[in-house]
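**Q** Handing you this structure, nothing more for now.
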C-alpha cells in the first residue's frame with residue numbers, strides 16, 4: 001500500500017524516538033517531561049512501602065527529580081559536542097570495566113556512594129556487591145614524565161653510553177649521521193665495557209651497509225674483535241665470511257668455512273663438504289688435519305655399513321656376545337681405534353677396519369696405540385692378546401716384554417678390567433722400581449710379589465710385619481714362616497758382612513792395580529854397553 005509524502009512526514013515526526021541533529025534546538029519543556037518520566041520510572045525499582053523513606057540526591061546533594069536537578073541535567077546534555085564526546089568515551093570505558101548487577105532493593109544515592117545504610121531494607125555497598133566476583137578495577141596510571149626523557153631528549157654520545165652502562169633504556173635512533181655513530185662507537189670503546197660496545201655494534205650493523213661498517217672497523221681493532229666474537233656467537237657465518245674476505249684474512253676465512261661442517265648431520269653430505277675444504281688456504285698443519293678428517297669419515301662410513309650388515313645377519317660371534325651400543329660415524333680417531341681393536345683386532349692389515357691399518361694411515365704413536373688396544377682387549381678379557389701386545393723379539397730370536405707406557409700403567413688398566421691375580425702378579429714383577437712394585441702389590445693384594453720382594457731384599461722386619469696382614473693358616477703365611485725359619489738373623493748378618501768384605505777386597509785390588517808402576521822396556525844396545 002503506497003503512502004503519500006505527507007503521510008510519511010507525519011509518520012516520522014510522530015515517532016517515539018527522535019534522531020539527534022545539530023540543527024534542532026532542544027525544547028526545554030519536552031526535555032523536562034522526559035526527565036520527569038525518567039524519575040518516575042525509578043519507582044518501579046522501589047517498594048511502595050518505602051517511598052516515603054527514600055531520599056534520592058544527586059552528586060551535588062540536590063534531590064533527584066526536582067526542577068533544579070532537571071534543569072542542570074538538561075544543561076549538561078545540551079553542552080558542547082566535544083565535551084559530550086569526552087563524557088561518552090569516559091562512560092563507555094567505565095562501563096566496559098565494571099558491570100554492576102541491579103540490586104534487589106532500593107538504595108539512596110548518598111548511601112550508595114558513601115557506603116552508609118539506612119534502617120529498613122537498605123544494604124551497604126559491600127553487601128550489594130557480595131554477589132559479584134571479587135575483582136579490583138584500578139585505573140591505569142600513566143608512566144611518569146621523567147621516563148619519557150629517555151626517548152624524547154637529545155642525549156649526547158657520552159650521556160648515552162653512560163646510561164647504557166647503568167642499564168637504562170635509551171634510544172640510539174637519533175644518531176643518524178655517520179659521524180655521530182662513529183663518535184658513539186668511540187665513546188663505547190673508551191669506557192671498556194663489552195656489553196655497551198656490543199650494543200652499539202648491533203645498532204651499527206643494522207643501520208650501516210657492510211662496506212662502510214667493515215671499512216670503519218678495520219681501523220678500530222677493539223670494536224672489530226667484539227664484532228667477530230658476536231658474529232661467532234650468533235652463528236652468522238655469511239656476514240663473518242664477508243668480513244674475513246674484506247680483511248683478507250684467508251686462514252681465518254678457511255677455518256670459519258670449515259666450522260660449517262658441524263651443522264651438517266648427514267654423513268655423506270658432510271664428507272662431500274669436507275672434500276671441498278681440502279683446497280682452502282690452511283696452514284700446513286691444518287691442511288693435514290682436514291685431510292685426516294676427510295679420510296677418517298670416509299672409512300667410518302665403510303666400516304659402519306659393513307658392521308651394520310654383519311650385526312643384522314647375526315653370524316659373527318663378537319657382535320652376538322657384545323652388541324654395538326652406538327654408531328661409529330663422526331667419532332674421534334681414538335674412539336674409532338678402540339672400536340677397531342674391540343671388534344676387528346684379528347683382521348688383516350689390508351682392510352679398512354684393521355687397527356694396524358688405522359695406526360699406519362693416521363700415524364698414531366706407539367704409546368697411544370698400546371694404551372687403546374690394551375683397554376679394548378682387557379675389556380674382552382683376551383689375556384693372550386694382552387700378552388702378545390707386550391712381547392717383542394730381538395734379531396737373535398729371544399723374546400722380551402716391553403711396555404711403552406710403563407708396566408705400572410698396564411697393571412692399573414688390568415686391575416680396572418678385573419684381571420686375575422696371576423696376570424696382575426706377572427706384570428707387577430716386570431715393574432723395575434722396587435717401591436712402585438711394593439705399592440702396587442700391596443694395593444692389589446698380590447701377596448706373593450710382596451713376600452718375594454722382601455725376601456730378595458733380606459728385610460726380615462718387613463716380612464714379620466707383613467705376616468700380620470695375611471690370613472691365618474693361608475699359603476702366604478706358610479711361605480713367610482718358611483722364609484723366616486730358613487734364614488736366622490746371625491746368618492743374615494754374617495752373609496751381609498761377607499758380602500761387604502768381598503766388595504772391599506774388590507775395591508782394594510782395583511786401587512792397587514791402578515797404582516802399580518809400569519815396567520818400561522830396556523834398550524838392548526844400552527844394556528850391552530853397560
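Backbone N, Cα and C atoms are what each Cβ position is placed from, and that goes for glycine too.
Caution: TrEMBL annotation is automatic and unverified by curators.
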**Q** For the record in TrEMBL, which of the ranges 41-99, 159-217 is the region 'Disordered' one?
**A** 41-99
**Q** Of the residue ranges 123-149, 231-257, which one carries the region 'Disordered' annotation in TrEMBL?
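**A** Feature region 'Disordered' in TrEMBL: residues 123-149.
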**Q** Let's see if you can do this one: DSSP helix, strand and coil counts over the domain 'Vps16 C-terminal' (177-277), in that order.
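**A** For that range the per-state counts are 85 helix, 0 strand, 16 coil.
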